[in-house]
């Protein structure tokens, strides 16, 4: 080393020494304290500020007082003049108290997921926790970012989704849809996604979900289609769904007369007088005469749709058109001349002609003329347009709509459905119209239909435009079109949108000379309604509420104010004042802005409920009741106010003078006066010189000639009741008074021409003939008594004829409509099919069991049965339906039971549970379809295949998780480890000293050898050899399996483990090849002995270096007991009492044992210490004692030569042990382990095979059907009762039951036999063990458990419980007696009783009322009898008749009294003396005829003419009177001569 290098080395040593001196002394084993963390500051990475509440204490000062008394000297007290007194003193001092308050302070901490390390400014290290990372993020402790996110998520905690669609649209051709953690591509309609999941391919749009069409899809192009409906349907507005066309819309449903839609089907009806033909379409005339429906008194003449009654000669047809009356006097038909003055129909009455109008017309005020009714004013039918026609109206629709099938509503016409409406590309249907549009890259033509590419040359907008000749006062200015294509960076979409906006050249006309308007014809002088001229004199400045060029238009709806620029804020249909904007609310709505209310047609708290108020009516906000406009009323505002009522709710009474008023306005109550009257209430007549309605017309009569105030005619004033030039004509019908100028107010009846008193026609009464006759009266003056009409019929107040209710006919309405007819006068034929019964009044069909519908033509829907399908089925929901007639449940596949409430028994499925399941290996069978649900470990249609290798569990969906090539259990996935492996996943090798399957075998390896974990082969430690490593290496060999040869020379011995040579004295070297020289041997090797036991002599020190297991100066002593190895430093681990080898540590086992822990007995064939001796036992199966080597027979053998096996039932050494195997199992002669026979398993064969298993060790699976067991030995199926077949796959045949189906069933009357035990399940109506007994009276149904509910001694059908009604009753429970007019079984018999007599509902016998008798009560009581059955006799004097009902005597004229035994009193006459005489002059009247018997010179019919003779007061006359009388007063004789005295 050079001097320079030595100097440098010395310098480094000095520096190192200084460093070591300067370092603090740290004791050995002491820990270094952690470095403090830097304080966190705002703004540092991952530092979060948090608020926390802390208690802060502080001292709060308070003033306190202390009071006490002090002694003081006081003067003037006591005998010494001084004394000691006490005074109170108070001392104030300052105290403090501790006060705590809660304060919030900001604390800086590491954000969640981060922590701070020493010397870090902030929180820079990740801190992992279970809930730190979201969406499957992985936390890496100490990393720069706490969470490592999976693809699709980002953020420090993976809390944010990555929107892949933001970058290049995610690679999608059409649409990119972002999803949490991923994304997906979608295609536009008409395309489908390609296999790359990014590009889109065009598809046949009809092939995908039928194009969304409900019926047919018609492909137009590869991406466009059109929906089409089946015949009888039409396309809805959505272009996809179809609705059924009204069957009446097409040719009136093929009906001749009327077509009605009933439950979606066309139902033809005929007018009155016609009946439906057999084809259900045509209408045939009903021959009322032949059917007996006319009820004409004399003759009947059939006409089309009606009939006409005719009378015999000398008779005239009555007003009812049926009765005939003898002609007593000449009757003039008031309708023969000029149709009675009627413009349409005329009917002759006793009061004169009665005018009638056809439908759609009404009588005018003259009661003669028919005027058309404006049906559009009252009809709520038409939705859009209503056109009134004479006698009717017609609905119409706006352009773009068509009339609905009901003739009222309007449907939008889908113009796009037909050739796309003429659009070249796309057509969009709108309400009442349509709109064409173009695809991308095209623009719409001027015709608004065609499309042209944007690449087409544009019109040269900069070219010369055609010259336009200016109009007078007009200048034409042309605007330049903005440049179509600009250079600025505008997106392609905006460019295209701009181009499709159709830029066109515009022209603007400018008026000159202060004119304006479209033709420059207006000036400021034309401004109206307060409008002023604008400053430029080019228009009008309109005031509030007005708009338009000249302010002649009111503001448009929903605007108001100046220039109509303000929007109204009125809600719920309110209208606003065009000037002020104030809201006018409709009925039912209030508030400043009409906010307290709902829009038209809705109500409720949230205005979500619908109401249906006609005629623009609104409904109550809360209750939905209709709030009608003035003039309307009714539940739905569909009625106009009655006469002389008006206003909201028709609550106001018109104040018009009714006789002078034509009508009263229903809305505001204003009066429309009749001709000749005027005034607000029509209270005044016309002033002179005026006439007509309202008196607005001026008369044109000459001066002095009166003018008729009604007609304006000139003429003289005729007396009341007359008119004409000479006042010789009576007032025409309907007028009265002076000049017949007043109109009768008699409701169409005539009135007295002078007084105006009404002459009411038959059936009317009252001052104005507005009242009908009272109940029970008819005719003129309502003087006639109505006949006894039956069945709630009333009599016609005009004719007295009974007006039958629908369903009844006859002169007294006593007959019910004949079968097959119903309605008024029984003129409509019933349409009930399938044995349905027709109600005689309404025609409503009462359907037979199993049928329903208007005409009983529709079978019961699923879930209902019985008459009119009125009974709900009592079958388990969804598991079965019931028979429409009987109600018995018809079970769906997979269900049985009376209500189909039970699933098929195990092993059966399908309809009636008649099919056998074919599932194997214990799989569950679906009771409906028979589909197999495989248990874990099996797959296949019938679960016949085990799981493939590597899979297990249900449907073999789970993959095995075993290592080392181990297979897994197909059921639970547990690993089946191969030999040498163990653990749940077979990931562990066998522990030491074990090998084989499940490491269950013990290794037979000794002297520290290891064994192969698979087959147990020993791997010997160095120095040992042999199968069990029991043999030490022979001399000259060492190492593994003693394969190496020793190299020791000169008598040296080698270590059998390491091969090291132990040299004899005088020799040294690795192979003892060197001879020791005197100078080479140090003191330790000086002695002749040298180092012993293989010890080596250290050439430097001369000390012996002892090998393992030896100690001492010359290595002469082995290790002390309990120690071994190098320097005897290792402690032995042998069991107590066993020494260990001082070199290897191997335990020195007692004779007969071996192993590292002496835990194993000597292997067979060896014995003694270390099992080193070999047994020398003779015989075939010997065994020697492992310790002593004494010979004996091996376990399982006996005999002198050990050649005999143990007899059955014994095992072990000397065959001394008894076997414990059951069920015929045999045991191993050596170990006693049981070998079970077929069908058994267990340690002692005590267990039979579990259900479903059989064979050796129960390894085979039974193939029997569910519910069947199999023989555990042979696998033969043991069928349960009711099953048969090799695999019990068949049920018993009919009428067989029991085990093997060997027994015959004994069920009768259709009873079902239980296949298992033969018990009978009786059908409805039967009971008993063998179903041999019918249900007793009063019981029915299954097992006769139900009680009949039939009344009136009726019986019930034993199967269904249907009541069998006795005569006179009907109904489901026979609870109703026959209706009046019917009797007998089923109430089919018709009663023919007359005069309103009822009949007995059972026998049909007529129960005659008092006054009648006979079989049909057709005869009245004979004279002299009365009462019920006419059995009572009259008690009247003089043969006077009596009332046949009451027996009261009907006295003849001149007689009275209870028995007609009294003469009439003076002044009375007639029948029963009920009339009063009208005789004057003291005359009496005849008590019979009432004729007056004059006295005292009176004469005349009433004796009021003439009187007694009086003498004159003149004497001359008196004197003459004594001689002769005037000639005129002389009495004459009968012969005409003078009377003789």
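Any Cβ shown, glycine's included, is placed from N, Cα and C.
Feature list (source: Swiss-Prot):
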type: DISULFID; residues: 110-123; note: disulfide bond
type: DISULFID; residues: 149-158; note: disulfide bond
type: DOMAIN; residues: 206-242; note: domain 'EGF-like 3'
type: DOMAIN; residues: 238-284; note: domain 'EGF-like 4'
type: DISULFID; residues: 311-324; note: disulfide bond
type: DISULFID; residues: 585-594; note: disulfide bond
type: DISULFID; residues: 740-751; note: disulfide bond
type: DISULFID; residues: 760-769; note: disulfide bond
type: DOMAIN; residues: 783-814; note: domain 'EGF-like 13'
type: DOMAIN; residues: 865-901; note: domain 'EGF-like 15'
type: DOMAIN; residues: 1038-1073; note: domain 'EGF-like 19'
type: DISULFID; residues: 1063-1072; note: disulfide bond
type: DISULFID; residues: 1085-1097; note: disulfide bond
type: DISULFID; residues: 1091-1104; note: disulfide bond
type: DISULFID; residues: 1149-1158; note: disulfide bond
type: DISULFID; residues: 1221-1234; note: disulfide bond
type: DOMAIN; residues: 1345-1375; note: domain 'EGF-like 25'
type: DISULFID; residues: 1348-1356; note: disulfide bond
type: DOMAIN; residues: 1383-1418; note: domain 'EGF-like 26'
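Comparing CA positions across the disulfide-bonded residues 158, 740, 1221, the one lying closest to residue 769 (disulfide bond) turns out to be 740. Separating the Cα atoms of residue 594 (disulfide bond) and residue 760 (disulfide bond) is a whole-number distance of 53 Å.
Computed over the domain 'EGF-like 25' (1345-1375), the whole-number mean pLDDT of the model equals 87. Residues of the domain 'EGF-like 15' (865-901) grouped by DSSP class, helix first, strand second and coil last, total 0 helix, 12 strand, 25 coil. You'll find the Cα of residue 1149 (disulfide bond) roughly 118 Å from the Cα of residue 585 (disulfide bond). Cβ-based neighbour count (10 Å, all protein chains) for residue 751 (disulfide bond) stands at 24.
Summary for the disulfide-bonded residues 158, 594, 1091, 1097: the Cβ-based neighbour count within 10 Å is maximal at 1091. Taking Cα separation as the measure, residue 1221 (disulfide bond) is nearest to 149 of the disulfide-bonded residues 149, 324, 740, 1097, 1356. The C-beta environment of residue 324 (disulfide bond), restricted to residues of the same chain at least 6 apart in sequence and closer than 8 Å, consists of 297, 298, 309, 311, 312, 315, 316, 317, 318. A gap of 171 Å separates the Cα atoms of residue 1104 (disulfide bond) and residue 751 (disulfide bond). When the C-alpha distances from residue 1097 (disulfide bond) to the disulfide-bonded residues 110, 123, 149, 1091, 1348 are tabulated, the minimum falls on 1091.
Listed in sequence order, 718, 721, 722, 723, 731, 732, 753 are the same-chain residues six or more apart from residue 740 (disulfide bond) with CB atoms under 8 A from its CB. Within the set of disulfide-bonded residues 751, 760, 1234, 1348, 1356, the entry lying nearest in space to residue 158 (disulfide bond) is 1234 (CA atoms). Residue 1063 (disulfide bond): 27 other CB atoms within 10 A of its CB, across all protein chains. Per-site Cβ counts within 10 Å over the disulfide-bonded residues 311, 760, 1348 peak at 760. With respect to their backbone Cα atoms, residue 110 (disulfide bond) and residue 149 (disulfide bond) stand 21 Å from each other.
Each residue contributes its Cα atom, and for residue 1348 (disulfide bond) and residue 760 (disulfide bond) those atoms are 62 Å apart.
For residue 123 (disulfide bond), the same-chain residues that are 6 or more apart in sequence and have a Cβ closer than 8 Å to its Cβ are 40, 44, 45, 46, 47, 110, 111, 114, 115, 116.
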